[in-house]
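Marked as active site, nucleophile by TrEMBL: 91. As annotated by TrEMBL, active site, proton donor applies to 93.
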């Protein structure tokens, strides 16, 4: 059995959306519909289906997204696995928070544009992450770090729905962590804010005058390291990686999605949308609970 979930990008599915969804499921896909229900009366339709050609269904969903660009996401997965999630690993920048931290730091030296251009190319998979990080960090050299992190903590904007999602997952007994290509003082701050269990990120070097020296210290949290950390945390807790979920928006999040059992591309770059197990392009990270199969009333209970 498989589930097919349709989640509106906005506040509600239109009557035309409902008609298109029904046509897509019953006419275009090679599935037998077992049941249908509204996980949310306004926004989320969920089908339980049977099929012998799951790979073909995945291809059809990608084609539908690319050709018709519907105002909703389509998530296809093994039904019995959707609620059996034991570990969530999140990216931080543009996932748990709206900003890219390195660009916030760059604002102190009025070089946001230079740093943002490199960031964009890296997140699209056009540049090697380690090289792009090194180039961006070098641009930060000389910035006073005396009160930098405390000032930045005040500027962070937590993504809509992230606190509710994390509260619900904690109630469900899920282990949670943030693995960020950003920087550890802020990743640790977000860990505490959201009640996560782990925080991993990069460390910026400073000189004797407490100014950024243009280097990073220790290992780099790139795509490979994120995947390694997911597996490490899973092993520590005796969790099967197949029950792990990775959530992120950039190309360096794809590797951890591949070693986990599931991945969510959150308002992600095109390359990530194309390769991730599923996409979520809505206004709230809380919508991940719909992907897991919870109804609106169940979510209200989990987040209260």
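Quick reminder: no glycine exception, Cβ is built from N, Cα and C everywhere.
Within 10 Å of the Cβ of residue 91 (active site, nucleophile) there are 25 other Cβ atoms, across all protein chains. Within 10 Å of the C-beta of the residue listed as 'active site, proton donor' there are 25 other C-beta atoms, taking all protein chains into account.
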